[in-house]
Every structure is written in C-alpha cells, then in structure tokens.
Amino acid sequence: MQRNGVVECSVCRSRVVVPSPRSVSRAYDKHRSKMSSKSRALNVFLVVGDCILVGLQPILVFMSKVDGKFQFSPISVNFLTEVMKVIFAIVMLIIQSRKQKVGEKPLLARSTFIQAARNNVLLAVPALLYAINNYLKFIMQLYFNPATVKMLSNLKVLVIAVLLKFIMRRRFSVIQWEALALLLIGISINQLRTVPAGNTAFGLPVTAIAYIYTLIFVTVPSMASVYNEYALKSQYDTSIYLQNLFLYGYGAIFNFLGILGTALFQGPESFNILRGHSRATMFLICNNAAQGILSSFFFKYADTILKKYSSTVATIFTGLASAAFLGHTLTINFLLGISVVFISMHQFFSPLAKVKDDKPADIIELEDTQNHRSSESSFVNMTAGAADDASHRVGTDERQPLLPT
C-alpha cells in the first residue's frame with residue numbers, strides 16, 4: 001500500500017520510501033551482483049526462449065508475404081496478438097488465484113483489480129509505443145531481409161543504454177560503453193551495400209525512406225522498453241499477470257483503433273481482421289504473443305539490456321535459418337558483423353566491466369530524494385528506506401530483491 005510517498009509491505013508491515021529511478025537501478029545492480037543459481041537459471045531460460053522466438057519472427061513475417069507484399073493488414077495481426085496475450089493473462093490469473101494461501105488478498109477481487117488498474121495506468125504509454133513498433137516490424141520487412149532486420153534492431157541496445165542512463169540513472173562503465181560502440185561497428189559492417197539503389201517508395205529514394213523507418217524503428221521500442229521496465233518494477237508487488245492484463249488490454253485497444261482508422265480510409269471491407277491470413281500468419285501471431293509474454297518477464301525479473309543483447313544472439317539464428325529455408329546468402333559482411341557483435345556482448349557482461357560503487361546506496365538515495373523532501377522526519381524515513389532498497393524480502397522468492405515491495 002502506498003501513502004504519502006511511502007510503501008508499506010502487506011506481509012511484514014515494514015515501510016520504505018517510494019523508489020526513485022536511481023534507487024530502482026541500484027537495487028537491481030546489487031541484486032544482479034549477488035544472483036543465485038535459481039536466478040541464473042531463469043535468465044538462461046529467458047535468453048534461450050527469446051533467441052528462438054525473436055529469431056523466428058522476421059522469418060515468419062517474410063513467409064507471410066505474397067509477391068513481396070502483405071495480403072493481410074499488419075494491424076490485424078497485432079490486434080489478434082494482443083487478444084491472445086490478454087486471454088493468456090486471464091487464464092494465468094485464474095490459475096494463480098486458485099493457488100493463493102488463506103489470508104492473502106484475492107487477485108480477482110474487484111477492489112484489487114481497481115487499485116491495480118490505478119497504480120498501473122502508466123502502462124498505457126508503452127502499450128501505445130509497442131502498437132506503433134509492431135506495425136513498423138512489418139514495414140521494415142519491405143526494405144530489408146530478415147537477418148538485416150535483426151541486425152538493425154540491435155541498434156536499440158545503444159539507445160536503451162542512453163535512456164537508462166538519463167531516465168533511470170543506470171550506471172555503465174567505460175568498458176561497457178566501448179562494448180556498445182563495438183556493437184554499432186558490427187552493425188555498420190553488416191549494413192554495407194544492403195539496400196538496393198535506384199528504387200523509390202512514396203516518392204522518396206528507398207534508401208531515404210528505409211533510414212527514416214529505421215530511426216523510428218529504433219527509438220520508439222527503446223523508449224517503450226525502458227518505460228515498461230520502470231513501470232513493472234515500480235509496482236513490483238502487483239502480479240505480473242495482472243500487469244500484463246492491463247498492458248495487453250491497452251495494446252488491444254490501440255490496435256483496434258488503428259483498424260477503425262484503416263477502415264475509414266480504405267473502406268468497410270478492410271475491417272475484416274481475418275482477411276488475407278494464412279497458416280504462416282497464424283504461426284506469426286502465436287510467436288508474437290509468446291515473445292511479448294516472455295519480454296514482460298525480462299523487464300520485471302531481469303533488465304532491458306539483457307533482453308536486447310539476447311536478441312543479438314538470435315541474429316545468427318535468423319541468418320542461418322533464412323539462408324537454409326529462404327535461400328538468402330550469408331555475406332562476408334554479415335559474418336564479420338556478427339563476430340564483432342558477439343565480442344561486444346562478451347565485453348559488456350564481463351566481470352571486469354562492472355561498475356564499482358563509489359558511494360554507499362543509502363547516501364546516493366538520500367542525495368537523489370533530498371530535493372523533494374524538506375521535513376526532518378522525511379529524511380529519517382528516506383535513509384532507512386534507501387538502505388532497504390536492494391535487501392527487502394517478502395517470503396522466500398529470490399526474485400523479490402529487485403525492488404522493495
């Protein structure tokens with residue numbers, strides 16, 4: 001329960017100050033440095049699952065095209081994907097509610113739902129950004145092959161790092177920034193002579209329109225990911241399935257509005273959301289739904305950087321699969337680029353790249369919130385709360401240290 005900037009744990013009744021972006025970041029950094037074998041196993045599962053799903057996504061999109069075009073509306077695919085994720089969240093909520101212990105607040109109670117909806121209303125922002133990004137995924141396939149799309153999406157890692165630095169006050173060492181620079185170099189190597197010259201689209205050279213889409217394709221989901229991570233972790237005591245229900249519900253609404261807008265401009269026949277779909281698009285919808293669900297676990301129990309770096313691992317899978325099944329050629333540029341990307345990933349997560357603490361967590365938290373608190377009692381509560389940012393526990397769940405509850 002949150003009152004006057006203080007969160008009270010529903011289990012042990014201890015109180016801590018509402019976490020600031022910096023305290024959220026430092027709490028996770030401390031948790032990551034003391035990660036247990038169970039948490040590592042979870043991260044391995046998330047990375048492996050993400051590699052498979054993300055790697056298959058551009059291939060399924062490519063297979064869904066007929067004569068280089070989509071016979072279906074991409075917005076309809078996104079809408080059906082969000083509906084599938086909503087259904088999954090509802091089913092998991094029902095299962096989770098049946099496993100609740102006596103005395104716990106019912107997950108399906110009306111008061112619980114209303115309170116959680118108010119606390120998680122900001123999830124509408126990343127839901128809108130994701131709706132835009134999911135549409136751009138299809139547009140990008142018109143200008144680049146599947147392996148190239150994956151390499152371009154890796155640019156999000158650098159944008160996310162900058163957003164984490166300035167929004168959530170996440171700290172990165174010099175070695176980690178150098179690793180991100182290597183990532184850009186690897187992507188640039190792969191992109192040499194990728195876009196064919198001489199073609200036009202919308203009255204602009206294809207190179208120009210492709211780079212415009214690339215800029216939007218990189219920045220929009222990066223903002224959505226960082227905002228989503230902070231929103232999920234700042235309401236850590238809320239069930240992830242309940243949060244997903246709100247996130248996917250907002251996404252379904254935004255995509256449905258997109259379908260209505262399309263129907264207004266293209267006629268009522270475009271309102272048929274099942275028009276032009278095939279078996280490949282059904283697999284694509286299932287893959288996108290599973291990918292979105294897995295991403296929510298990344299953002300709440302791991303972090304955005306790990307999520308995006310795991311997507312770089314999927315690049316080699318996408319390249320090999322597209323070469324084997326779609327007949328695309330693996331150029332020397334791709335092989336050199338992916339090599340540099342993997343070197344960058346190893347360097348970023350190397351123990352030598354970790355940031356050393358130069359100040360205790362409680363001092364930094366006090367400095368971070370001092371401008372917003374003026375009373376003497378507030379300073380006392382802040383000091384106590386900041387010390388518990390990365391150590392507060394509820395029960396035995398080893399994933400709880402990410403944030404105070």
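Heads up, the Cβ atoms here are built off N, Cα and C, so glycines get one too.
Taken from TrEMBL, the feature compositional bias 'Basic and acidic residues' covers 389-405.
Look at TrEMBL and you will find 384-405 tagged as region 'Disordered'.
Here TrEMBL flags 41-63 (among others) as transmembrane segment.
Through the fold, the transmembrane segment (75-95) approaches residues 107-108, 131, 134-135, 138, 239, 241-242, 244-245, 248-249, 251-252, 255-256, 258-259, 262, 273-275, 277, 281, 284-286, 288-289, 292-293 of its own chain, all at least 6 residues removed from its boundaries and within a Cβ separation under 8 Å. For 75-95 (among others), the entry in TrEMBL reads transmembrane segment.
Marked as transmembrane segment by TrEMBL: 174-192 (among others). Residues of the same chain lying 6 or more positions beyond the ends of the transmembrane segment (174-192) and with a Cβ under 8 Å from any Cβ of it are 148, 151-152, 154-155, 157-158, 161, 312, 333-334, 336-341, 343-345, 347-348, 350, 352-353, 355.
Under the heading transmembrane segment, TrEMBL lists 204-224 (among others).
Feature annotation from TrEMBL assigns transmembrane segment to 245-265 (among others). Taking Cβ pairs closer than 8 Å, the transmembrane segment (245-265) reaches residues 73, 75-76, 78-79, 82-83, 85-86, 89-90, 93, 116-117, 120-121, 123-124, 126-128, 130-131, 134-135, 228, 271, 273, 292, 296 in its own chain, all 6 or more past its ends.
Residues annotated as transmembrane segment in TrEMBL: 280-302 (among others). Residues 39, 42-43, 46, 49-50, 53-54, 56-57, 60-61, 63-64, 72, 77-78, 80-81, 84-85, 88, 130, 134, 225, 228-229, 232-233, 236, 240, 243-244, 247-248, 310, 399, 402 of the same chain sit 6 or more residues outside the transmembrane segment (280-302) yet have a Cβ under 8 Å from a Cβ within it.
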